[in-house]
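Down below is the structure, laid out as structure tokens.
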Amino acid sequence: EAGAAGGRRCCGRCAEGAALRWCITGALCASFLGLGMSIAVLGPTFPNLAANVGKNVSDMYYIFVGRSLGFLGGSVVGGVLFDCMNATLLLALSMLGTTAGLYVIPWCKESLLLTILMSVIGGSMGILDTGANVLTLNTWGSESGPHMQALHFSFAAGAFLAPILAKMALGGSESEELAGAEKTKQSVLKSVPTASATSTAPAPEDHHDGDFLWSYIIIGTYILLVSIFLFALYSKSTSARDKAKGSAQKGRLAKYHWSLVGLLFVFFLFYVGAEVTYGSYVFTYAMIFAEMTESEAAALNSVFWGAFAICRGAAIFGAAFLSPATMIVISLVCSAASSSALAFFAHYRALLWAGTAVYGASMATVFPSGISWIEQYTVIEGKSASLFVVGGALGEMCIPAVVGYLQGRFHHIPILTYAALVTSIMTVLLFPVMYKLANIPQENDLKEVSDNETRKALLTNSRLTEDEEEEEDVREWNDADFEVIEMNDKLKNSVTDTSPRIPRDSPAEVSLQPHMDDVLGDPPAVTGGSPGRQNGNVDWEKSE
């Protein structure tokens, strides 16, 4: 009965732990859904915010800079804090900060205050982006692949829903044109091209200021509910357990841990930069170089983001059957092939459409698969994860700016497609280097292998020595047996040769026979023995 009770308690704890893991995963996906909505809602409501502070759209670029700097700072600070305090609690607090900022923004009438609020929201988003990836890895470990894909798919879904929500709140105003502009992953600057595209337009006189605030209130309320749920989960998971888990994993650091993290930082910089750059400039490229109409260019842009979202959703199931390395290789091959087609054969309409779709699909799984891949070789803590997020954010800021500058200098060269090809080549070259570096054995592993080989050699030598000793003993015993047999044969022959010369009834025979019997081990009596021999024995006994 005691054993059965213990088994039931063990099963109950296992079931409770599994339920808690699924609750944490659901809360993280819900928080990333809110993250996507918070970032994407700025594009459709950007003219309304400009009118709210009495500025033109062209004078509002600094709010993007403020949010980007806040995002980078939040990623770095979050990476440090996640190694010091409970991850669930820190995520809940960061989402409270996002909620407060979203609630205040619609009533903000000063541009400086609006920039500060955007920086606060960006910092909260950076903490959330870093922490959700770390917590997913800590929760599922080697099984985190599908859950990591689901996490980043939730971001894409939130970015897709935010423009629709803003359109409903605005009642179909002019900001509807910006509704489908940005649906990318992780970046804060994805709305910058949208702002620049509309920078020459003055702020409209009537923007239904009472309408657009509802989109911020609805999103803020949703994030508040997710934050409350995270606080409830915090009561189920303690920081002591998180620290114990972290201390248990410290022995699995790769030999070149920080070199590997640095290479993945550069890898994500090129990958995220290429993703944001193509998604932001493909509309302009289609109209100028492909000579498409505005509706065709918008459709091409939608094909890119649609393939991106669909492939990211399908990757949730694909990650259950394919390893992260396999998914990265497939994505890189498709990215290189499609970017090559776009760079050299984009003048064919069919290849332009197909290349854009494949390029968007190839971008979908790289970031979550990259985090799941590196977790197999080393420990990913807050600081490491923050570097990945910062690398992606720097890629979004730098590469689109460089491409825009070069396109302005060289008007007749399709810089966008060549940039896509260059970034694809960089990622294709970087991943084999990272894979080779990750598979270099550690010194402890080499020492263990050397010790094992030494033990095997010693055991083999000891076995050989024992075998040789046994063979030597066998040879010695065989030699001894042969010597005994030869001695017995000589004695028997000598007795046989001398026995006919001695009379049967002589005292010599009587006196010699017992000694021969003792030496040869034969019994005193002779088969079919004669009375004379028996009398001889009796006489010997009497003489004794």
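Using the three backbone atoms N, Cα and C, a Cβ is placed for every residue, glycine included.
What TrEMBL records for this protein:
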- 18-41: transmembrane segment (TRANSMEM)
- 61-82: transmembrane segment (TRANSMEM)
- 89-106: transmembrane segment (TRANSMEM)
- 112-138: transmembrane segment (TRANSMEM)
- 150-170: transmembrane segment (TRANSMEM)
- 213-235: transmembrane segment (TRANSMEM)
- 256-283: transmembrane segment (TRANSMEM)
- 352-374: transmembrane segment (TRANSMEM)
- 386-407: transmembrane segment (TRANSMEM)
- 413-435: transmembrane segment (TRANSMEM)
- 460-479: region 'Disordered' (REGION)
- 466-479: compositional bias 'Acidic residues' (COMPBIAS)
- 488-544: region 'Disordered' (REGION)
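Counting only same-chain residues 6+ beyond the ends of the transmembrane segment (352-374), those with a CB under 8 A from a CB of the stretch are 133, 137, 144-145, 148-149, 151-152, 185-186, 260-261, 264, 267-268, 271-272, 274-275, 278-279, 282, 286, 290, 300, 303-312, 315, 318-319, 323-325, 327-328, 331-332, 334-335, 337-339, 341-342, 345-346, 380, 385, 388, 392, 420, 427, 434, 438.
For the transmembrane segment (61-82), same-chain residues at least 6 beyond its ends with a Cβ under 8 Å from one of its own Cβ atoms are 42, 49, 90, 94, 111, 114-116, 118-131, 134, 188-189, 191-192, 195-196, 199, 381-387, 389-390, 393-394, 397. Listed stretches 18-41, 89-106, 150-170, 256-283 were compared with the transmembrane segment (213-235); the greatest number of C-beta pairs under 8 angstroms is found for 89-106. Counting Cβ pairs closer than 8 Å and at least 6 residues apart in sequence, the transmembrane segment (18-41) and the transmembrane segment (256-283) reach fewer than three and form no contact.
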